[in-house]
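To start, the structure itself, in structure tokens.
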Amino acid sequence: MGNQQVVSITGAGSGIGLELVRSFKSAGYYVSALVRNEEQEALLCKEFKDALEIVVGDVRDHATNEKLIKQTIDRFGHLDCFIANAGIWDYMLSIEEPWEKISSSFDEIFDINVKSYFSGISAALPELKKTNGSVVMTASVSSHAVGGGGSCYIASKHAVLGMVKALAYELAPEVRVNAVSPGGTVTSLCGSASAGFDKMHMKDMPGIDDMIKGLTPLGFAAKPEDVVAPYLLLASRKQGKFITGTVISIDGGMALGRK
């Protein structure tokens, strides 16, 4: 495959992940994608034909992450960037809920929002070291401020900040590690099955656009295509070569507080 850049993206079947696939393809990258079901696979196949390497599976399963990387290498020959993007929300789950509900939701949210990032990076790392590649994680405005979710979700996204700093330090100079903190973005982000929120989608919440407008100094709710540019910067070997341990916020000023 020559010198063309290769990126692998988890959570690639909807929302920001789907827009990342589109943006990196438009930028000339080869792309491999991990999606959670056949419906998402069919959507990608319809749009991109056979241009992508697609794996269907559970991002919490380490064997699935290893499969994603193996198939990426088998098809494209190398890996330049791994984007850990899969995530779920907690729909403002309160600490006052029954403990069993909190405990199971906490485990599910941290397994997907935190542990799956470790798993994917672990699987990708041997190949990234070969290419002096990079990792980009999806953090959140909730990594920096409250109000964008319940305590389980906010805690999981704060954990991503620690992961970025620790891994950037540990893996330098071979591999760069950074993150993007989107906020105020209307997507199909679902919730935890443990709390019964897995069939819900943020974009379907009544009044979600107006709620975000009220929380965002710039005064509008973003779409996925509005928040992907920092990922391209951080993945770039040219523009991003001196960036590591950095988290770029793209939230319309939401972390600043209400205007």
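Cβ coordinates come from backbone N, Cα and C, glycine included.
As annotated by Swiss-Prot, active site, proton acceptor applies to Tyr153. Sequence-distant contacts of Tyr153 (active site, proton acceptor), defined by Cβ-Cβ distance under 8 angstroms and a gap of at least six in the same chain, are Trp89, Asp90, Leu93, Ile109, Asn113, Ser140, Ser142.
For 8-32, the entry in Swiss-Prot reads NAD(+) binding site. Contacts of Ala12 (NAD(+) binding site) defined by a Cβ separation under 8 A and a same-chain sequence distance of 6+ are given as Leu18, Leu20, Val21, Ala33, Leu34, Val35, Gln40, Leu44, Asn85, in order along the sequence. Reduced to three states, the DSSP call for Ala12 (NAD(+) binding site) is coil.
Residues or ranges marked as substrate binding site by Swiss-Prot: Ser140. Neighbour count (other Cβ atoms within 10 Å of the Cβ, all protein chains): 29 for Ser140 (substrate binding site).
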- Indicate the candidate from Ser8, Ser32 with the smallest number of other Cβ atoms within 10 Å of its Cβ, considering only these binding-site residues. Ser32
